[in-house]
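Features as listed in TrEMBL:
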TRANSMEM  B:6-27  transmembrane segment
TRANSMEM  B:39-61  transmembrane segment
TRANSMEM  B:67-88  transmembrane segment
TRANSMEM  B:95-115  transmembrane segment
TRANSMEM  B:150-166  transmembrane segment
TRANSMEM  B:198-215  transmembrane segment
TRANSMEM  B:221-240  transmembrane segment
TRANSMEM  B:247-270  transmembrane segment
TRANSMEM  B:276-293  transmembrane segment
Amino acid sequence: MSGFSSSSVAGRDIVALEGVTKRFPGIVANDSVDLSIRPGEVHVLLGENGAGKSTLIGMLSGLQQPDEGRILVDGKPTPITSPRHALALGIGTVFQHMMLVPTLTVAENLLLGGPWWQRPRTEELAARVAEITGTLGITVKLQAKVSELSLGEQQQVEILRAMLRNSRLLILDESTSMLTPKGIDELGALMRRLVEQGLAIVFITHKLKEAAAFGDRISVLKLGRKVGEIPPERFRALGEQEIVAEIVELMFGKQKDDPEAVERPVRTARAGAAPLLQVADLAVAPTDNAPGLSSISFDIRPGEILGIAGIDGNGQKQLAEALAGQRTATSGSVRLDGAAIETLSVGERRRRGLRYLTDDRLGEGTVGTFPVSINFFLKQVGAAPFWRNGVEQRAEIDKRATQLVREYDVRTPSLKTPVARLSGGNIQKVLLARELAEGAKVVIFNKPTYGLDLANTLASRQRIRDTAARGLAVLLISTDLEELLGMCDRIAVIANGALVGTVENVDDARTKVGRLMIGLAA
Amino acid sequence: MTGLFSEVFLSALLFGAVTAAIPLLLAGLGEQISEKAGVLNIGIEGMMLAGAYLGFVGAFYSGSLWLGFLTGAAGGAAVALVMALLCVRIGLNQIVIGIALTLGLEGLTALLHHFQFSRSYPRLPAADATVIPLLSDIPVIGPAFFKHHLIVYLAVALVFGMGYIYRRTQLGLNLQAAGDKPAALDVAGIDVVRTRTIAVLTTGALAGLGGAYLANVGAGLFIPFITNGAGFLGIVLAMLARGRPIWVLFGALLFGVCLSLTTAMQVAGINIPTDIIQMLPFLAVMIMLVLFGRRASLPAALGIPYERGAR
């Protein structure tokens, strides 16, 4: 094996990944990823949520170990066994969530990790900090408590800490997600100065513009796989617009060997029919940790599938919850089959035929410790025929549950099995069975195939198509563009809580939707 | 009424207050270390009992109080080792294990005492006092504060020692990080589990020492359930002290006065039912909680087992 590493092209790499695979129960977070990290380069890792960026960082920083493949440091295969080991190898990480102790001062945080019997070397620290901050052009208040600093200042402290430990490789995990635009520009300038000093930087982001503006080399991750790389030579040759276009192609383009490849959607929309769901000017106020919605308007006709595309976290969940009645709308109207429902309760909307399949299957979708049978009827608890005078009718429940298990092909050991013990795909089937049951007119699917394996993904998609074919109106929210392109009649793109455009799903829809998603006009 | 305010009575009351405060002080300082590092140590009452029993046995058979303190501290640390294994290393629920340890040690120490001494309660000779020259001649205060066993002065010195460790040493930083943001300590290259284990073992040793003092110096004998909630008072003290050892000392003295009053008023023959007098310390706890409890700030990760890279 040693002969292999010396002959590899990665002679100049500080750190290289070779075929690294990491699995978590139910998902493959990284699938045979290769990566080469070199001094003097900002290597951008680009990908949506769930693309496997954070897992990759966890393995580089010693928090997790790869299941397959290997990591080379200075050309030698080196398992990174712990955070301490990563630091010793010169790999410093600035995590997405701040890793500073809020109750300690900046100086104390920087001193953390020294030998426990020593007195903290405050004077030595001050001298070294002055030296480093001088060359980087940043200022750091050593005596301030971390909890009093802005997020941008905290990040500078973390970068400074990595420098104090003589890091050769600095990993920045989603570092711009909590910064102001000014802070982002400052970080970009700081990264440039750091690589000019010979450091290697891995910069993780899901924002295309940052990748194009700050990077030297870009690797694109998609669903755990590396789908492409733009090396520095190409990077320099291309203009920013061309780079963005190329990344869009990598991120949203069709893979040739994609097993999920689907034929063109079957059109079942009934052109002349009146819309089943009409949403006009729907708005939701933003909260501390979620964006609001503004002036959302769309119609869905019977048999039609309307897709909602967008980068995760742009208001998709808020939209679904506002329609289902779980989130209070500040204005706007929602009409189901012509009747206004925006003031009705969650339960009443459901009774009128509006169904919502949550993406949070175990959290709000099911009660994990309850048996499969009861989970089929969670939204009918107390209602006849399954409950009479407040008493559970076990026979009725089991009879209907047996039918549903057969009809929806739920693989469960028994009706009494707690639903949390089933696989994600089978939990999804329980939810499908419950929400598509009698009386459904409009169904909202929120990320219906997220985290499912291929067989269950395909089954769920077929179930959604069948739903539309029955003449129901379907709203399909997904972050998987392939899925939307393979199923929808029209695709609307959501960004920052607003629909920025709606595209008919015809030949050039892929490019149009991709451009809308990253903030360019269609 | 004259008896209540006589010089002799007052200095006896304060002397008793200091004697009663020392076990609380040691328990409170011990609990404070664990809590700083993020471990809620409910088992401290059990650790004190183990210390009281083994401390008494050590002193009884060796005839040396100091050896008794040593066996007491070792006993407390041994119980803490169980806690560290179950709660820090394996990550079991700290409250459940803590209660189990306390109840288990209550039974175990009572049982062992019964096997060894049957129904008799042998006494240790009174502890030698280290009299501080000059200071002990001050009226009232002198005999109350400066005629104690040497370990009392050491316990008070420990308050300042702990303060120094928390504010001025690397170990202090590590402990606080382990309680406030263990992930930050981990990525800084320090083993969180080891840091917390050290903290819990120290807690056990200090609680055991407190128990040994209670039995050997305070009472001069061991009886089952002798700690009578002293460990729990220590938990209250640590929570109210907001990480400052000096506040543990003040709190311990306040509770000490209440406990001492209980005895003193009975001795002075004041006509109040003893049940009411014995409520005093616990009334003081409630009053202190109402006054200061809202401002008590606990470490963010208190009670949460640390698991690296959990997702």
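Cβ coordinates come from backbone N, Cα and C, glycine included.
Counted over residue pairs 6 or more apart, the CB atoms of the transmembrane segment (B:39-61) and the transmembrane segment (B:247-270) come under 8 Å in fewer than three pairs, which marks the two as apart.
Here the transmembrane segment (B:67-88) has long-range neighbours at 39, 41, 43, 46-48, 50-60, 94, 97-98, 101, 105, 151, 193, 196-197, 200-201, 203-213, 215-216, 305, meaning same-chain residues at least 6 beyond its ends whose C-beta is under 8 angstroms from one of its own. For the transmembrane segment (B:198-215), same-chain residues at least 6 beyond its ends with a Cβ under 8 Å from one of its own Cβ atoms are 22-27, 29-31, 33-34, 36-37, 39, 41, 44, 47-56, 58-59, 68-69, 71-81, 83-84, 87-88, 151, 155, 175, 178, 221-222, 226-227, 230-231, 234. With a threshold of 8 Å between CB atoms, the same-chain residues lying at least 6 positions outside the transmembrane segment (B:276-293) that come near it are 229, 233, 236, 239-240, 251, 254-255, 258-259, 261-262, 265-266. In summary, the transmembrane segment (B:95-115) does not lie against the transmembrane segment (B:247-270): fewer than three C-beta pairs, each 6 or more positions apart in sequence, are under 8 Å.
Sequence-remote contacts of a segment are chain residues at least 6 beyond its ends whose Cβ falls under 8 Å from one of its Cβ atoms, and for the transmembrane segment (B:221-240) they are 23-24, 26-32, 35, 41-42, 44-49, 52-53, 56-57, 102, 106, 109-110, 113-114, 121-124, 207, 210-211, 214-215, 247-248, 251-252, 255, 281-282, 285, 288-289, 292-293, 296, 298.
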